[in-house]
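See below for the structure under consideration.
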Amino acid sequence: MDQETVGNVVLLAIVTLISVVQNGFFAHKVEHESRTQNGRSFQRTGTLAFERVYTANQNCVDAYPTFLAVLWSAGLLCSQVPAAFAGLMYLLVRQKYFVGYLGERTQSTPGYIFGKRIILFLFLMSVAGIFNYYLIFFFGSDFENYIKTVTTTISPLLLIP
């Protein structure tokens, strides 16, 4: 691969690898809680603490393919930097959700809602990139610079709760 191609995806790859490490951390928590309760073997049933860790992990795993799809679509079709920033924010929010779920379930609600907003932002970036592609294809009009400016300007607003 040439440097330009790698430069167009390197931030997305970094966010993806960080998310893999986070998934490993979540899986380790499930395994640790299972072994704490059940000795050496892994079982899906156990104490309330294990049920919470297991459910929080499953909820994060269920949303993971959607996150990866919109992260890479937004980064490739629209703009890499705002997509990577939103991806990092999503990982922080997912961590907050996971830790919050281990305590009171109401503590996980802000992370869940914030995560949905970030997924929506990445989805809209992807749609804008696809829309721009078809504008170029059919009409020869390229709004890529405008879309990049808007997404770069809006992405810090994801920090507002």
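Here, residue 1 is simply the first one shown, and the rest follow in order.
Each residue, glycine too, has its Cβ placed from N, Cα and C.
Keep in mind that this is a model prediction, so the values were computed, not measured.
The annotation topological domain 'Lumenal' is assigned in Swiss-Prot to 1-8 (among others) on the grounds of similarity to another entry. For the topological domain 'Lumenal' (1-8), DSSP puts the residue distribution at 6 helix, 0 strand, 2 coil.
Look at Swiss-Prot and you will find 9-30 (among others) tagged as transmembrane segment, backed by similarity to another entry.
Taken together, the residues in the topological domain 'Cytoplasmic' (31-52) have a mean pLDDT of 73 on the 0 to 100 scale. If you look up Swiss-Prot, you'll see 31-52 (among others) marked as topological domain 'Cytoplasmic'.
Within the chain, the transmembrane segment (53-77) has long-range Cβ neighbours (under 8 A, six or more residues past its boundaries) at 8-9, 11-12, 15-16, 19, 23, 26-27, 29-30, 33-34, 44, 83-84, 86-87, 90, 94, 97-98, 101-102, 108, 115, 119, 122-123, 125-126, 128-130, 132-133. Residues or ranges marked as transmembrane segment in Swiss-Prot (evidence: similarity to another entry): 53-77 (among others).
Annotation source Swiss-Prot lists transmembrane segment at 81-102 (among others).
Away from its own ends, the topological domain 'Cytoplasmic' (103-107) comes close to no residue of its chain (no Cβ-Cβ distance under 8 Å at least six residues beyond either end). Per Swiss-Prot, the feature topological domain 'Cytoplasmic' maps to 103-107 (among others).
With a threshold of 8 Å between CB atoms, the same-chain residues lying at least 6 positions outside the intramembrane segment (108-115) that come near it are 56, 63, 90, 93-98, 100-101, 161. The annotation intramembrane segment is assigned in Swiss-Prot to 108-115 on the grounds of similarity to another entry.
Counting only same-chain residues 6+ beyond the ends of the transmembrane segment (116-128), those with a CB under 8 A from a CB of the stretch are 63, 66-67, 70-71, 73-74, 77-79, 82-83, 86-87, 89-90, 93, 147, 150-151, 154-155, 158. The feature transmembrane segment is assigned by Swiss-Prot to 116-128 (among others).
Taken from Swiss-Prot, the feature topological domain 'Lumenal' applies to 129-161 (among others), supported by similarity to another entry. Using a Cβ-Cβ cut-off under 8 Å and counting only residues 6 or more beyond its ends in the same chain, the topological domain 'Lumenal' (129-161) has close neighbours at 73-74, 76-79, 81-83, 85-86, 89, 110, 114, 117-118, 121.
Note: the topological domain 'Cytoplasmic' (103-107) comprises 3 helix, 0 strand, 2 coil (DSSP; helix = H, G, I, strand = E, B). Long-range Cβ contacts of the topological domain 'Lumenal' (1-8) within its own chain (Cβ-Cβ under 8 Å, at least 6 residues beyond either end) map to 76, 80.
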